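Peer 1: I'd like to ask some things about the structure below.
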């Protein structure tokens with residue numbers, strides 16, 4: 001059949017649907033839908049008959065099997081104390097798996113072990129099944145046990161105290177609880193009572209748990225500590241950012257469970273810390289799954305909160321859980337801090353780690369390419385790889401049964417959306433041991449993290465015909481230092497040696513050769529080492545200061561050397577991306593006026609200098625790079641315990657006014673997040689903000705505050721608070 005003429009064609013195909021694609025279902029593929037929501041649970045029937053009723057139905061129940069349950073969930077009762085969950089601001093019983101807790105059951109007559117049969121049942125998800133671990137009956141007798149152990153601790157009159165030990169690998173989440181009693185005609189259950197719901201968490205104190213961490217100081221820091229310190233700045237001028245993880249605050253645990261629900265993660269996978277952390281690393285960013293946080297590095301935060309303004313995770317998580325929409329905005333340390341809250345809240349030991357000079361390699365090799373034009377300036381168009389001044393990620397502690405022995409322990413997970421992994425923006429868990437020893441083929445994403453701490457910086461000159469010639473290789477710049485907070489202290493801990501062997505050592509060369517075998521390309525340029533060193537000195541400069549920048553040359557040849565040198569200065573984001581260039585000079589001593597950089601300064605106030613020189617006598621190229629983080633003014637935070645007041649003071653150090661100013665204040669166990677808006681702070685003027693607070697519990701803590709506006713980011717202040725009066729909390 002052939003076409004006749006040029007008339008319109010017809011098609012039997014329906015028009016393409018408009019709007020979002022339909023959600024895939026299990027209909028026709030499995031008998032029951034896959035349970036993927038902890039908040040959707042099926043109520044168990046109050047009565048399950050043993051057989052078919054007679055013509056008159058079943059005889060009346062006459063009260064047989066009635067029971068009242070005491071969850072023993074008070075903060076001073078043994079359950080929460082022994083399970084280390086008393087700090088949770090929750091009315092529910094929260095326990096850790098693999099460890100016994102107790103419930104007190106009152107029946108309507110004395111319990112007779114020889115003739116009475118009952119079970120305590122725990123149900124999670126919408127399709128409870130015994131074989132899936134989502135329906136668990138717990139029996140009081142040794143003769144009949146399930147995956148959760150049960151025993152009668154005490155029986156007196158009408159009351160039975162029962163001990164229940166959840167399996168060390170059970171599903172983590174919120175369970176409904178029932179008491180089921182065997183009667184002559186069937187099983188009778190208590191009605192579902194919301195107050196009897198049970199939360200089960202991972203247990204780093206449990207030897208059989210996959211997250212077991214055999215170090216009490218690390219457990220206290222990486223699970224129980226709410227106050228964190230996140231390091232930023234540059235490796236030779238390290239700054240600290242205090243953060244309130246707030247993992248025990250009201251609503252945070254439910255928000256963390258909602259994150260897993262929102263990801264459609266099957267309930268049955270939620271007992272595996274490897275699957276939980278991998279799924280969460282995708283869900284903490286919003287790139288492809290409407291996750292928790294929207295990333296923004298542009299400097300324009302008109303429709304959200306500037307990343308530098310946040311002081312804790314609570315606001316972010318509660319806003320996400322209530323609005324069901326991603327929260328704006330975040331950068332790497334915000335992703336890492338909120339991820340840390342998620343992990344600690346669920347009981348997975350975790351810490352925030354900062355890698356100074358972190359390579360973001362777009363080519364999948366171990367080279368970060370910097371291309372210079374013939375004048376010595378960086379070719380911004382052709383230089384695609386970036387070196388972040390610092391990058392924050394998380395480490396979490398778990399066994400890795402999918403890897404050979406020895407590669408469990410600390411694992412890197414990263415929620416900052418940089419590159420995709422298995423089609424989604426996520427990273428990890430990647431074994432730190434595998435990264436150190438070059439086993440970059442091990443899942444998940446070890447090669448990417450390996451490049452972040454091990455890339456070589458290769459400088460090329462680009463000639464007019466477009467050819468590139470390597471002129472300098474810096475093998476020590478990337479991964480200069482890896483830091484985290486010291487357990488139980490406010491000092492920093494250098495863990496660089498956990499990621500890499502000493503630079504230039506035999507072990508390091510062996511590791512790099514092994515990484516090459518797995519497909520990571522390295523630079524093989526064998527360039528002669530220059531006999532002249534170019535040094536840019538360390539500097540501490542405040543925002544708005546004028547300063548001098550000098551080039552220092554060290555001649556190691558013993559002969560006369562002449563160097564033609566250039567220095568290039570740019571305002572950069574902390575990701576290494578250039579905002580604008582403000583300096584290009586051929587002088588050895590450069591006076592930098594603040595007016596040259598202030599008008600184009602971006603958040604975190606980073607100035608990036610690259611000096612490049614050519615030795616006339618040898619033709620060798622010498623280079624040096626320096627990141628200068630300008631210091632911001634500080635907030636003054638003061639607390640008067642007798643009056644229970646907290647005061648924030650700030651003086652605008654500039655001659656110009658600050659507009660659209662937000663101040664935030666919070667402290668773990670002291671004050672929930674509060675904020676105040678000031679439309680204008682005139683130049684050289686001061687402000688004072690005072691708030692009353694009621695500590696939630698006794699003890700020592702810290703109160704932190706931040707000030708943020710478009711013209712001035714990252715202004716912080718903290719103070720220590722001891723909320724004790726006559727050994728009682730201030731309430």
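Including glycine, each Cβ sits where the backbone N, Cα and C put it.
Curation plays no part in TrEMBL annotations; they are all automatic predictions.
Pulled the feature table from TrEMBL, pasting it below:
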| type | residues | note |
| --- | --- | --- |
| REGION | 1-80 | region 'Disordered' |
| COMPBIAS | 1-12 | compositional bias 'Low complexity' |
| COMPBIAS | 31-55 | compositional bias 'Low complexity' |
| DOMAIN | 324-417 | domain 'Transglutaminase-like' |
| ACT_SITE | 332 | active site |
| ACT_SITE | 391 | active site |
| ACT_SITE | 414 | active site |
| BINDING | 454, 456, 503, 508 | Ca(2+) binding site |
Peer 1: Of the active-site residues 332, 391, 414, which one has its Cα closest to the Cα of residue 454 (Ca(2+) binding site)?
Peer 2: 391
Peer 1: What is the set of residues, excluding 454, 456, 503, 508, whose C-beta falls within 8 angstroms of the centroid of the C-beta atoms at the Ca(2+) site?
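Peer 2: Near the Ca(2+) site, the remaining chain residues are 475, 476, 478, 479, 500, 504, 512.
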Peer 1: Report the nearest neighbour of residue 332 (active site) in space among the recorded positions 391, 414, 456, 503, 508, comparing Cα positions.
Peer 2: 391
Peer 1: Please report the distance from the Cα of residue 391 (active site) to the Cα of residue 414 (active site), rounded to the nearest angstrom.
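Peer 2: Between the alpha carbons of residue 391 (active site) and residue 414 (active site) there are 10 Å.
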Peer 1: What whole-number Å value do you get for the CA-CA distance of residue 508 (Ca(2+) binding site) and residue 414 (active site)?
Peer 2: 24
Peer 1: So, by DSSP, how many helix, strand and coil residues make up the domain 'Transglutaminase-like' (324-417)?
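Peer 2: Summed by class, the stretch gives 15 helix, 41 strand, 38 coil.
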Peer 1: Can you tell me the CA-to-CA distance separating residue 456 (Ca(2+) binding site) and residue 414 (active site), as a whole number of Å?
Peer 2: 22
Peer 1: Can you tell which of 456, 503, 508 has the least company, meaning the fewest other C-beta atoms within 10 angstroms of its C-beta, among these binding-site residues?
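Peer 2: Sparsest of the binding-site residues 456, 503, 508 by Cβ contacts within 10 Å: 503.
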Peer 1: Whole-number Å distance between the CA of residue 414 (active site) and the CA of residue 503 (Ca(2+) binding site)?
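Peer 2: A Cα-Cα distance of 25 Å.
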Peer 1: Within a 10 Å radius around the Cβ, which one of these recorded positions has the most neighbouring Cβ atoms: 332, 391, 414, 454?
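Peer 2: Of the recorded positions 332, 391, 414, 454, the most buried by Cβ count within 10 Å is 414.
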